[in-house]
Amino acid sequence: MVIYALLSISNWLTPSVLSKIGPKIAMLLGALTYCLFILTFLWPQTWLLYVASAVLGTGAALIWTGQGMYLSKCSDESTISRNSGIFWALLQMSMFFGNLFVFFLFQGKTHIDNDTRTLVFSILAGVAIIGIVFLGALRKPNQPSITVDDEMPEHQQSPKQAFINAVRLFMTKRMLQLSVTFIYTGLALSFFSGVYGASIGFTEAIGESAKQLVGLNGVFLGVGEVLGGVIFGLLGKRTAKWGRDPIVIAGFIIHISSFFLILMNIPNAAPFGDTDDVAFFKPPIAAVAILCSFLLGLGDACFNTQIYSMLGGVFAKNSAEAFSIFKFTQSVATAISFVYSSHLGLRVQLGILLVFGILGTACFCLVEWAVKRSRAVDVNECETVDTKK
């Protein structure tokens with residue numbers, strides 16, 4: 001909760017910071033806060049954890065907005081979809097390998113001893129340090145010719161102007177519509193990262209394997225996320241031709257399919273703790289639970305890769321502001337979801353996701369269709385000018 005609260009607030013300041021230091025330095029600073037957060041678990045203290053969480057919330061805003069801006073600067077209209085897919089696949093590999101590593105390391109353990117904790121977080125810290133070195137080796141991006149964002153002008157801006165532009169961009173029609181999609185991704189993130197895995201473990205009717213399935217849940221979430229990123233990376237050129245809306249609609253269909261299966265398989269009281277209750281499948285089916293994990297990850301990849309493609313392409317000239325708004329809206333939704341998830345049953349939470357999934361998908365498609373119409377008008381105008389010449 002502390003992390004997401006600071007992340008939400010800090011996202012409004014990151015455009016000003018990035019206007020001074022640029023995306024590469026921002027990513028390095030943000031990565032350092034992640035490394036610091038990991039190291040605090042080697043000497044667990046309650047006060048230190050809260051301090052590190054606050055620092056991480058601020059750093060997360062820098063790294064998320066910075067990498068979005070860097071991705072935008074390294075892409076053009078024909079490569080932004082491909083690059084977004086590759087970026088997402090590489091990002092989500094951490095979920096796959098991290099959960100797989102912990103799953104095997106924690107096998108047969110009912111208590112995490114000091115040696116095991118030290119080993120886990122030492123390895124994670126080492127990986128983080130290697131990541132920082134690679135970030136430092138990134139080249140300065142060239143500025144390719146990208147789709148012009150008609151919402152805001154491009155110019156070198158001061159930190160104050162960057163903040164003002166972020167507020168103005170947030171109030172535009174397109175960004176307000178996209179914010180509904182951002183909210184849905186935040187609610188979905190909270191559900192599959194916090195609620196669903198715990199609900200599987202709390203469903204005692206699954207059997208003795210219920211607790212082990214929590215680790216596999218994270219693994220198969222990662223498989224779905226990585227597979228989605230790879231597919232959309234390979235289909236980048238076709239995505240640019242067909243548009244982003246078919247992929248988002250496919251992601252929505254995948255998600256509602258998983259919601260239905262979860263409703264049938266996991267009892268309503270599962271988010272609250274261990275329960276002997278059952279849902280419509282009697283007993284709950286472990287394979288279906290893991291299939292839903294995969295579908296949640298795959299659907300999330302559909303949404304996020306296309307959001308990155310949209311922000312990095314359509315809002316390329318204001319990428320820092322656009323990505324900061326995205327992470328702000330998503331973080332607020334995630335924080336709210338974490339609050340209500342401990343008070344609402346599984347069915348109500350799935351209902352909330354269904355409603356915002358419909359609204360988020362519709363709003364994204366409206367923006368995408370408006371962008372297509374704008375491009376068609378521009379092409380027609382160019383053809384008319386060429387004819388007159």
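The backbone N, Cα and C atoms fix where each Cβ goes, and this holds for glycine too.
What TrEMBL says about a protein is an automatic prediction, not a curated fact.
Annotation comment: TrEMBL describes 21-41, 47-65, 86-106, 118-138, 178-202, 214-235, 247-264, 284-303, 324-342, 348-367 as transmembrane segment.
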Seminar exercise, completed: Ranking 47-65, 118-138, 247-264, 284-303 by Cβ pairs under 8 Å to the transmembrane segment (324-342) puts first 47-65
For this session: With the transmembrane segment (118-138) as the reference, find which of 21-41, 86-106, 214-235, 247-264, 284-303 contributes the most Cβ pairs under 8 Å.
Result: 21-41
Problem set entry | Long-range Cβ neighbours of the transmembrane segment (214-235) (under 8 Å; 6 or more residues past either end) | 81-100, 102-103, 106, 192, 196-198, 200-201, 247, 289-291, 293-302, 305-306
Seminar exercise, completed: For the transmembrane segment (178-202), the candidate among 21-41, 47-65, 86-106, 284-303, 348-367 having the most Cβ pairs under 8 Å is 348-367
Seminar exercise, completed: Of the listed stretches 21-41, 86-106, 247-264, the one with the highest count of C-beta pairs below 8 angstroms to the transmembrane segment (348-367) is 247-264
